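Here the structure comes first, spelled out in structure tokens, and everything after it is commentary.
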């Protein structure tokens, strides 16, 4: 069994906790202050989550034999979709009880096909797209390097264009293009991460991109909220995500050798991050629609959701252990 990368585990663990914070703080944005500040600046969560997946992909050379490719696709699709459909099996009945009048076959169909319905499935769709897209990118890297560089240029240009133009059509149709910047960055990160010059250079370069894109938005009087620049992502939020990745990677390299408790906690959330992503959504929905009698503070709501989600994940792990024993 391949040893897990503690730094990547820490990054992914932090990202899923940040997602829970984002999804809970959003109900309290009217309070402004630290709530709005935290909700906005924690938006590095998805870029880090995508990066960690891409990092793992690039760590192991991909065989381009037909059987190997099909096996890779099958394995990734099963790991991606089975948890999602199990989530739907739980969430849709709960949702129906509360919103039966607005519940429709179209909503169910779009949820099942990742084309609409439940709002969080855009991330599942992105990972589904990346199953195939990363294979294509890897093929270009190995066999047509010039086309890879051309694609990289197109990706970068798209992130700049999206600073000025928001598509009138469904963003899901093109989101794979700007998000490709993360997986391309992950490729170079895997290749050069042991170089201190690369780490320093990546921090400086991504910081420069962030400052430039920030100034462009200020001059153009565009929104500086990361959420407003996320669907699809432009250079502003992506450069912030890349800068966060580079900085946090260095920080966790230091922390993981000195604070094992933090490392172990984040490793737990990383190991079950995909399941936790769905569990926390159900917990938040239940607390906000079916159990609204309790009034929470923003941080209190986050702690309650995190605690319940963690306990449910531990219970799921225990149940799975007993099932596998038989």
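The backbone N, Cα and C atoms fix where each Cβ goes, glycine too.
Sequence annotations record features per position, and here TrEMBL assigns domain 'Acyltransferase 3' to 7-312. Residues annotated as transmembrane segment in TrEMBL: 12-29, 41-58, 78-97, 120-141, 148-167, 173-190, 197-217, 237-255, 267-287, 299-316.
Taken as a whole, the domain 'Acyltransferase 3' (7-312) shows an average pLDDT of 95 in this prediction. Between the transmembrane segment (267-287) and the transmembrane segment (12-29), three or more CB pairs separated by 6 or more residues in sequence fall under 8 Å, so the two stretches touch. Taking every recorded stretch in 41-58, 173-190, 299-316 and counting its Cβ pairs under 8 Å to the transmembrane segment (12-29), the highest total belongs to 41-58. Tertiary neighbourhood of the transmembrane segment (78-97): same-chain residues 103, 108, 111-112, 118, 121, 124, 127-128, 131, 274-275, 278, 281-282, 285-286, 290, selected by CB-CB distance under 8 Å and a gap of 6+ residues from either end. Within the chain, the transmembrane segment (173-190) has long-range Cβ neighbours (under 8 A, six or more residues past its boundaries) at 47, 50-51, 54-55, 57-59, 122, 126, 129-130, 133-134, 137, 141, 151-152, 154-156, 158-159, 162, 167, 198, 202, 231-234, 238, 241-242, 245, 249.
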